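> Mind having a look at this structure? Questions to follow.
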Amino acid sequence: MKFLVFLGIITTVAAFHQECSLQSCTQHQPYVVDDPCPIHFYSKWYIRVGARKSAPLIELCVDEAGSKSPIQYIDIGNYTVSCLPFTINCQEPKLGSLVVRCSFYEDFLEYHDVRVVLDFI
């Protein structure tokens, strides 16, 4: 029993600490981004402005009355197409990099960020 608990913790930690996700899409076409967060985790999508891990994040979706809607920014253009499922126009973010924040908790008190790198077909 102790071994199963230990194995569960190791599996969760290993899955939770993914740093980067590489995905392929056709440039300037709508693309449903694969969520790299582990199953049963919550996710929020951002653009990280700058290269540092401590760089500010721009949220791409907002919760409105039980549904998620894309936030449109002048500097980003129409990058986010839909939030459920998370869909973007396949292009490099103008201000930085695409990041998904994964958390087991709905309030995101503990989280881990995964950078999503797009490979254009």
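Keep in mind that glycine also has a Cβ here, set from the backbone N, Cα and C atoms.
Heads up, here are the entries from Swiss-Prot:
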SIGNAL    1-15  signal peptide
DOMAIN    19-121  domain 'SARS ORF8 Ig-like'
DISULFID  C25-C90  disulfide bond
DISULFID  C37-C102  disulfide bond
DISULFID  C61-C83  disulfide bond
CARBOHYD  N78  N-linked glycosylation site
> In the domain 'SARS ORF8 Ig-like' (19-121), how many residues does DSSP assign to helix, to strand and to coil?
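Reading the DSSP string over the domain 'SARS ORF8 Ig-like' (19-121) gives 0 helix, 55 strand, 48 coil.
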> What is the interatomic distance between the Cα atoms of C83 (disulfide bond) and C90 (disulfide bond), given in whole Å?
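Distance between the two Cα atoms comes out at 14 Å.
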> Quick one: give me the count of other CB atoms within 10 A of the CB of C37 (disulfide bond).
22
> Sequence gap of 6 or more, Cβ distance under 8 Å: name the residues on the same chain that satisfy this around C90 (disulfide bond), in order along the sequence.
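In sequence order, C25, T26, Q27, H28, Q29, P30, Y31, L118, F120 meet the Cβ cut-off.
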> Which whole-number value in Å describes the distance between the Cα atoms of C37 (disulfide bond) and C61 (disulfide bond)?
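That separation, Cα to Cα, works out to 17 Å.
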> So among the disulfide-bonded residues C25, C61, C102, who's got the most Cβ atoms within 10 Å?
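Sorting the candidates by Cβ neighbours within 10 Å, the top entry is C102.
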